[in-house]
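Going by TrEMBL, these are the annotated features:
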{"type": "REGION", "residues": "1-140", "note": "region 'Domain I, interacts with DnaA modulators'"}
{"type": "REGION", "residues": "124-151", "note": "region 'Disordered'"}
{"type": "DOMAIN", "residues": "204-411", "note": "domain 'AAA+ ATPase'"}
{"type": "BINDING", "residues": "215, 217, 218, 219", "note": "ATP binding site"}
{"type": "REGION", "residues": "391-510", "note": "region 'Domain IV, binds dsDNA'"}
{"type": "DOMAIN", "residues": "418-487", "note": "domain 'Chromosomal replication initiator DnaA C-terminal'"}
Ligand code: ADP
Ligand code: MG
């Protein structure tokens, strides 16, 4: 059971109630102890808070939230401390992946502690937090840590259909409509989701099929629909909603076959008012599960129940799904979530930064929105890490700090910068035409940005001065040399200018 860090024999019997733990939680961006220890009960609460904060920085926000956040503090017995996890799966995972690190961190905090025991919380059912399923396949996806304006887990957590609690995954209260930032790329999908939440089972919207790339908000919107439908103040909360990933659907189905309980499984599924299956593409090639889903689907739709499905492609592009299922999936409303735009990324960052209560300068938000363009999850992860760092060290968020703290993330997003890219970014920044980069115009409003672009080309690419000159309307290499020294000079005398150049450089830098 124990994670041995530096030898020694197993410790004695653990005596702990399993709820006396604390964990690092953040609401409104503050680092807080959770549980009774928040009031100072556990003698090691302060140490634990520091260790959690360290871990959070080391492993990153998403990983921390996914695996470590639910750890709670148990008893100390001589040189051994017990940490609790709510499920067997989490306990085993944390033990294998983080056991040694936890040991080392504890030992560094409290020299007497030489062993860390990872145990299953004795009575985690009394714990109000949603519990990921044992198979660990479909626990709610990594959650956004920041949404201070949204109701906390205790007030809004809705156990999805009590009677089906082992069938479906819990809905994450932070994935609400309120927490979803709407922009051009997702407004249609958002409107459809809203519509289904307001009036489920309308013919034109059943099934609702949401599709789009990774991390663009499909799961968020599905949870939002479920949360809205099960709001206690709405129809007495009587609507039963089952949300699960296609993967979990399959595992449950297989488990039902093994234990000869397929009838029960079918009945359970057919008894819900709304069935939501996330990431349907997972069923490609899983013919028996597809078949089962197809029948469930038909039974529910025929009974006037709502289906919501998500996938990474449109029904027609999901080759590998049975034709009849594909056809039926396309019969209701099919809504596409497009890749994010710069504007949407900025809006999302602004909303999340504001909710965190940490002041993040617009330049930093712009920088992030330029750098991390692939998906919202990564964008959010980066911002959360910045905020955690700011909270921890009480330092203001600056561009420099951002580069430092997000070094690894930014590196992954880096690519080789080209002169064309530099010209484009610089023109956009000063609102001049791209063609003016190579035009003969000498007006200051055009010449200055052109000089900056030359300077950045020299700094950020390996091109020679004559090569750079050629890309700027066949100018001479001495013109480029002059531009470089002129920009350097200006940067020392004009701090606003220097900041602009610096921002551009950071945006472009590889
Ligand atoms: P998908 O299921 O499409 O892969 P998710 O729904 O899991 O993506 O979204 C990834 C993360 O990004 C989640 O934390 C989600 O809350 C967040 N997110 C995505 N889109 C938005 C949005 N428009 N507004 C706010 N948060 C968003
Ligand atoms: Mg998803």
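Including glycine, each Cβ sits where the backbone N, Cα and C put it.
DSSP gives residue 219 (ATP binding site) a helix state.
With a CB cut-off of under 6 A applied against ligand 2, the binding-site residues 215, 217, 218 are reduced to 218.
Per-class residue totals from DSSP over the region 'Domain IV, binds dsDNA' (391-510), listed helix then strand then coil: 88 helix, 0 strand, 32 coil. Neighbour density for residue 215 (ATP binding site): within 10 A of its CB lie 19 other CB atoms from the protein chains shown. Cβ-based neighbour count (10 Å, all protein chains) for residue 218 (ATP binding site) stands at 26.
Taking the mean position of the Cβ atoms of 215, 217, 218, 219 as the ATP site, the remaining residues of that chain whose Cβ falls within 8 Å of it are 212, 214, 216, 220, 221, 310, 337, 376, 377. The binding-site residues in question are 217, 219, and the one with the fewest Cβ neighbours inside 10 Å is 219.
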